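Asker: Among the features that Swiss-Prot reports, ATP binding site is placed at 17, 176, 177, 216, 217, 218, 219, 220, 221, 222. The feature substrate binding site is assigned by Swiss-Prot to 57, 144, 156, with sequence analysis given as support. The domain 'PUA' feature in Swiss-Prot is assigned to 278-352; the stated evidence is sequence analysis.
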């Protein structure tokens with residue numbers, strides 16, 4: 001068994017993400033029989049000594065039938081209406097299922113704002129920690145009724161990876177309608193199964209497709225979530241929901257993704273993955289090389305353009321001349337100040353403007 005699988009099987013703190021397709025039927029509504037089997041697997045892992053946080057999709061799918069809808073809506077207002085109905089059904093179903101074991105369920109609805117704003121981040125962390133300490137099962141979902149772009153977040157794959165970092169999880173398990181990672185689409189022809197991903201080199205040639213009828217998360221979102229979790233030092237198991245008992249038990253199914261050897265610091269993880277970008281700086285070739293290759297601080301001399309309105313302390317994107325995103329960082333100056341500093345060497349600037357635009361400690365290559 002690989003080191004990643006051993007880490008997943010022995011993890012004391014686990015986040016389990018369950019996709020829409022694993023919880024809802026094509027006819028609409030929740031499939032409570034399948035949900036009960038998933039709750040059984042989670043309960044078994046908890047009785048084995050692990051803390052488990054469940055990230056559950058399915059709110060929109062659960063709201064379709066009660067509203068007389070036959071298919072997943074495309075417009076935002078109807079999605080949010082379906083989510084508002086489905087959240088009640090989803091929370092009730094999880095509560096009923098875990099009540100068989102005397103477990104209490106707490107519903108936690110999060111949005112991207114809760115990760116990008118430090119105060120929200122801390123509050124969510126404290127809530128989840130307290131629920132676990134009280135022996136309750138935290139069931140997390142995205143707050144679809146107020147989300148905009150986030151409603152297309154990738155069927156909660158990215159949310160699950162962020163939650164894994166938030167609670168300091170030792171493993172992330174993604175359960176959906178796929179058995180793991182393939183180098184092509186197994187539904188369309190021959191494809192080779194990939195049991196282990198040790199580094200990005202193992203992903204060469206992998207084709208990432210879109211999700212199923214009821215979900216929004218295809219393989220692309222799962223790969224993105226696995227990379228995000230790896231940055232946080234969390235190994236990931238991607239497996240079929242039908243194999244939940246084995247996935248949460250021995251971990252001998254699906255595809256295992258190894259965590260990066262050296263995890264990003266909490267601050268750099270936040271800069272790279274969680275914080276909202278408030279603007280962008282366009283860099284010349286020398287500055288791109290300095291920040292992306294040599295990990296140097298960004299100086300005003302290497303900036304050719306400022307985009308957006310932002311303040312000192314905000315996170316901004318760093319772009320090459322061809323608009324390619326090369327890094328993100330916490331900027332020291334307001335956008336109005338920076339506009340007067342473009343292309344000027346440090347010695348040409350007033351004493352109050354001789355700090356780096358972004359210090360190397362606040363820069364993260366992407």
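Quick reminder: no glycine exception, Cβ is built from N, Cα and C everywhere.
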Asker: Out of 17, 177, 219, which of these binding-site residues is nearest residue 144 (substrate binding site) by C-alpha distance?
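Answerer: Smallest Cα separation from residue 144 (substrate binding site) among 17, 177, 219: 17.
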Asker: Looking only at 57, 144, 156, the residues listed as binding substrate, what is the longest Cα to Cα distance in Å?
Answerer: 11
Asker: Just to verify a number: CA distance, residue 57 (substrate binding site) to residue 17 (ATP binding site), in angstrom, no decimals.
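Answerer: The separation of the Cα atoms works out to 8 Å.
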Asker: Please report the distance from the Cα of residue 221 (ATP binding site) to the Cα of residue 156 (substrate binding site), rounded to the nearest angstrom.
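Answerer: The separation of the Cα atoms works out to 9 Å.
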Asker: Report, in whole Å, the straight Cα-to-Cα distance of residue 156 (substrate binding site) from residue 219 (ATP binding site).
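Answerer: So the alpha carbons of residue 219 (ATP binding site) and residue 156 (substrate binding site) sit roughly 12 Å from each other.
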Asker: Of 57, 156, 221, the binding-site residues given in the record, which has the fewest other CB atoms within 10 A of its CB?
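Answerer: So among 57, 156, 221, the binding-site residues given, the one with the fewest Cβ atoms within 10 Å is 221.
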Asker: Taking only same-chain residues 6+ apart in sequence, whose CB is under 8 Å from that of residue 17 (ATP binding site), what do you get?
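Answerer: Those within reach of residue 17 (ATP binding site), by Cβ under 8 Å and sequence separation of 6 or more, are 54, 55, 56, 57, 156, 157, 159, 160, 172, 173, 174, 175, 225.
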Asker: Tally the residues of the domain 'PUA' (278-352) by DSSP class, grouping H, G and I as helix, E and B as strand, and everything else as coil.
Answerer: 21 helix, 23 strand, 31 coil
Asker: In the structure shown, with every protein chain counted, which of the binding-site residues 144, 177 has the densest set of Cβ atoms within 10 angstroms of its Cβ?
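Answerer: Going through 144, 177 one by one, the largest Cβ count within 10 Å is at 144.
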Asker: If H, G and I count as helix, E and B as strand, and all else as coil, what does DSSP give for residue 17 (ATP binding site)?
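Answerer: Going by the DSSP assignment, residue 17 (ATP binding site) falls within a strand, counted as strand.
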Asker: Can you check how the pLDDT averages out over the domain 'PUA' (278-352)?
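Answerer: PLDDT averaged over the stretch: 93.
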